[in-house]
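Chemist: My questions all concern the structure below.
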Amino acid sequence: MENNVKPANGKLGILIPGLGAVATTLIAGVEAVNKGLSQPIGALTQMGNIRLGKRTENRYPKIKDFVPLANLNDVVFGGWDVYADNVYDAAMKAKVLEPGLLNSVKAELEAIVPMTAAFDKSYAKNLDGTNVKEGTRYEMAQALMQDIETFQEEKNCDRIVVLWCGSTEVYFEESDIHQSIEIFEQALQDDDKRISPSMLYAYAALKLGIPYVNGAPNLTIDIPALVELAKQTETPIAGKDFKTGQTLMKTILAPGLAARALGVKGWFSTNILGNRDGLVLDDPDNFKTKEVSKLSVLEDIFQPEENPELYGDLYHKVRINYYPPHGDNKESWDNIDIFGWLGYQMQIKVNFLCRDSILAAPVALDLALFVDLAKRAGMSGIQEWLSFYLKSPQTAPGLRPEHDIFKQLMKLQNTLRHMMGEDLITHLGLDYYQDLVELL
Ligand SMILES: NC(=O)c1ccc[n+]([C@@H]2O[C@H](COP(=O)([O-])OP(=O)(O)OC[C@H]3O[C@@H](n4cnc5c(N)ncnc54)[C@H](O)[C@@H]3O)[C@@H](O)[C@H]2O)c1
């Protein structure tokens, strides 16, 4: 097979709506890595390897040496926020990274000043920033397109991706205006309030053929209108909700229990966190969006309808509590009631003292680099192979998402192999045992 992926020439602009904890940790991290001060730990695109060919060939290149990804030195950041703080000030306020590290990249961070945001307070009531655009939905969308084009020109970027790291918007369900791009564009003209701010960014990006990633759980590119627009403009999309902390652990542990046919009666998950994300999620309407995203994971992995004896009675509960003293250092507790041979009960306790944005930043980086790769590989629409990074992976209509992190990784790696014209790996491995092959 041949590969037809265009090379990653020139600069890649990563434009981020929401320059808060995750975004500033990502930007400062990339600047620190570029200065040789730190390592991009947790980013598969930078640190991960991929096996190629048979095990006997011993080919395990770094992913970044195998697929043509944008080099971190060629990445330029920009973004929007409802607060006017530059990235250095926002990062200092987020208190994720040490002042020492931030000071070593201070000039680079201070130079990134947020553009005015497309915002509607009814979608995030706990925010009260004033760095916002005036005008109707339609005017805001036009202004966002102008922002993107101006940024691309001024920074001399070859390509752009847009990566939503904004607050989680309130929970709402899609309605008639979200069903096709034609109706959606009419609703934009009518300044229909059912178009959320995040949809304005997605619309602006997709209209320009720019890949869009949704790092939060709110409804955005998962409405039929924007999926249609992505196909029309041949643009990749990926969403939604970065898979970090507790859900990451869940999708590592649950497949292991299911693999051994161990039963699960209950899974109680609680979190405390004190950053601005926690403040926004303190509003029940915003929490509902997150809760829906977090709850879907176990159902898919355990498939209780297929395995009623093991998972039919599973009680799954997720709580998030805003607790300012912990800042970005989220703490989660999971109590898992499992049962084994003859129904005998056991318990697993997981207490993860994590750092939310430290886990999210490499995920955000990988997603941005991979959607840019997808665009150059001619892949458009929903990029299900990026499920690996997401709590609520977007799939084709009617297709159940895959949440098992190991299957997601295999899908991601095989997609990269496929893109580059390498053999896919099934892990069958019978060909190492010629006698068995002949027998079968
Ligand atoms: N950190 C994680 O582990 C993690 C995991 C999954 C998802 N997320 C999601 O990622 C998002 C970012 O998380 P965070 O910790 O950086 O939150 P944060 O509150 O620190 O940053 C979000 C920023 O978005 C800005 N914002 C809100 N609405 C906006 C709009 N319409 N336009 C422009 N800016 C807007 C806010 O002012 C804020 O500065 C949240 O939605 C969060 O739920 C985070």
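From the backbone N, Cα and C atoms, a Cβ is placed for every residue, glycine too.
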Chemist: According to TrEMBL, transmembrane segment applies to one of these ranges: 12-30, 335-353. Which one is it?
Modeler: 12-30
Chemist: Residues of the same chain, at least six outside the transmembrane segment (12-30), with any C-beta under 8 angstroms of its C-beta?
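Modeler: Here the qualifying positions are 38, 40, 70, 72, 74-81, 85, 87, 90-91, 94, 96-97, 101-102, 105, 109, 112, 114, 117-118, 148, 151-152, 155, 157-167, 197-198, 201, 205, 215, 242, 275-277, 328, 356-358, 360-362, 364-365, 368-369, 372.
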Chemist: Using DSSP, how many residues of the domain 'Myo-inositol-1-phosphate synthase GAPDH-like' (245-357) fall into helix, strand and coil, respectively?
Modeler: 52 helix, 37 strand, 24 coil
